[in-house]
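What follows is a short report on a single structure.
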């Protein structure tokens, strides 16, 4: 059986789809998937054994210069690739208009996706011949697994989802001395753990003899990583890495500390013990999923607010207790460096971490 999967972005969403492929491969021997994914994330699907072909799409880039995209033939070549194989089924696991629109170019193959009450953009369901209900209020991994089980007609496994990645294959053959990875970069301003907290945590762990590695993905993140590592002998700022290079670093780590970020989901997919810190977002819906994953969520009165901009107005008590210039957003004051360090040290002593 050959299935075309449309799940273009984001990094976390792409990773959250992998367990559904593992379920399908175990339920239907010989099934193969071709995966339409944003070019920036195209490395990841190829790591799963059930993926036969990766078809990169560049919606983000094409939108910026639509005329050039049409002239240089990229759009035409992309549509041709969708028609090179006679698929048995197309699954749109994104549930957005942009992903549903791409399914129009496959031909007469039936398209499956979420029904109007289950999709993030209800109008997307109009593009599907087979639309299935999947309840909200559960983790994104489980929602995708349920969609695949219905679309491909197999019993939903009761076990925890398996990403299907080979950590040993992706890891460095000789990672050297044990180290920790601090995943300090993320998108929303409100999802950032305060820089002063990262610095204090780095100091604490370096004092205890741990090496700390700091990746980055933008100029701002590189500068922050430099400030976090400054003067700490055991802290190192990594060079710019591809996703494969980042996977190698994560796969060799003893543990990670992460904010709500796509790389935190990659660490979870590689079964790396990870302590994830959540302020405005809800780990129950989009937290790092898998074994050896610990979520610390803020119990601040307004958390999780799911807002990209903090609207909380500090009280007089807040002004007395916290440095409002260095400790923002305030929901993360409930997850201070001492608490995080204590939890991290407990994680490092756990049997599954001592390997």
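Even glycines carry a Cβ here, placed using N, Cα and C.
Listed in Swiss-Prot for this protein:
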- 186, 187, 191, 221, 260, 261, 262, 265: ADP-L-glycero-beta-D-manno-heptose binding site (BINDING)
Check your understanding: Of all the binding-site residues here, 191, 265, which one's CB has the most other CB atoms within 10 A?
Key -> 265
**Study point:** Set of same-chain residues at least 6 away whose C-beta sits under 8 angstroms from residue 221 (ADP-L-glycero-beta-D-manno-heptose binding site)
**Key:** 184, 185, 215
Review point. In the structure shown, with every protein chain counted, which of the binding-site residues 186, 187 has the densest set of Cβ atoms within 10 angstroms of its Cβ?
Key: 186
Review point. Who sits close to residue 260 (ADP-L-glycero-beta-D-manno-heptose binding site): which same-chain residues at least 6 apart have their Cβ under 8 Å from its Cβ?
Key: 186, 191, 276, 277, 278, 281, 283, 286, 287
Review point. Tell me, by DSSP, whether residue 260 (ADP-L-glycero-beta-D-manno-heptose binding site) is helix, strand or coil?
Key: coil
Exercise for review: Restricting to the same chain and to sequence separations of six or more, state which residues have a Cβ under 8 Å from that of residue 261 (ADP-L-glycero-beta-D-manno-heptose binding site).
Suggested key: 12, 183, 185, 186, 187, 191
**Study point:** residue 262 (ADP-L-glycero-beta-D-manno-heptose binding site): tally of other CB atoms within 10 A of its CB
**Key:** 24
